[in-house]
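Working notes, beginning with the structure itself.
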């Protein structure tokens, strides 16, 4: 009976690209992303509706204010990354945003008379900063915990958790806004952030089934002192300025932000014409968000993983500019609200469903410090800088009285540059992935995790009941190499001395591993 149950489960794992030991970490990562995106999308329609209260022009200046706040917050975030253990600074990040939501709730619940347009502007800027930092922490952790090969197979699946959260958030808003009101929604979002903290802690502690990404100094437990990343708070800026690869990612993200801002303001203008009051605008924006996320989910189920596995990250990155410029062509030709919805759906669906997982996989080949510091700077300040550039450019076009054709004339050449940069980044990532040594598979139990950097000093102990005399020495093992892709037919052990602590760490056998020449081995028993 167990055999018949396991066979469909194995077939399902093969269908979606999961290998043995990856199910638990993948589900945990998807759950983390689900909780974060649910909290974000609960509040996004409210944020956009508040921004429209003072008109489109005020929203353009809010983008500038958000960029300045992001610039001020980045050194603080870099300092936290340098000084705190990963478990602590991730908890501090989500805890701070959860407490901020509780503070907004207190203001609305106990001092509603003090809430005015200024409070709405503060919430708009706060949410925009929260949106970027909350998601960049998730992707930084995933880029560290999964290897490049795993990212190509699993990031689309993990992103589906975020897409489900992005669908659930607007749905909860529509269901709970009436009985709970805006203050109640803030508390619900804070609760989802608390669940995200638990999921992040579980993902950091789990080691089974994960191959630490290249560039991670060590896949240490978050409670190990080595889990403290260290370095300068400004290390991210120096890394981007000194690395063409990171600078290319920054340029790609800048273009993403500019084009997304063009789409965003086009949407706001048409929604302001269709809906008159804040409640109806929030409802309409929420419906657009929900249906867009359903399209994203369909892409992630059918195309994203296949595109990344077959064509690599470059093609996935280049798909976004092509889809965006096609949407602007349709809007310039038609000018209808339906064309706007199709533009919004095509841009955001391809961005979140295909390009975003590919973009995040680019960070699997950089160092741990760059995963958190350089990535945070790119995803926050660089992105918000693109927002400001796009908002002011769109405002200039609007003040000159130009129609949609002028916007298309601006976006078309940008899309060509954008696509070329995406293809170059894909090739650079493929070269970096191919030139890195493959990490040994993780042990079957998290209690037996071995740092890849310690491969020359640590070795597995024989399984219980097997004589140590039956285990060949390193010289015997290397006498009959089978190549990196094959497994030898005998157990392998490198003779070495162990401390009591090391023996305790290695008291369970490894299911599989690698010797120093890259040859695979496994235990076969006595």
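Placement of Cβ uses the backbone N, Cα and C atoms for every residue, glycine included.
What you are looking at is a predicted structure, and each value in this text was computed from that prediction instead of being measured.
It is 285-303, from the ranges 209-227, 266-284, 285-303, that TrEMBL records as transmembrane segment. Contact between the transmembrane segment (245-265) and the transmembrane segment (94-115) is not supported: fewer than 3 Cβ pairs lie under 8 Å, counting only residues 6 or more apart in sequence. At the 8 Å Cβ threshold, with sequence separation of at least 6, the transmembrane segment (180-200) comes into contact with the transmembrane segment (21-41) through 3 or more pairs. Counting Cβ pairs under 8 Å that are 6 or more residues apart, the transmembrane segment (21-41) and the transmembrane segment (154-174) reach 3 or more and are in contact.
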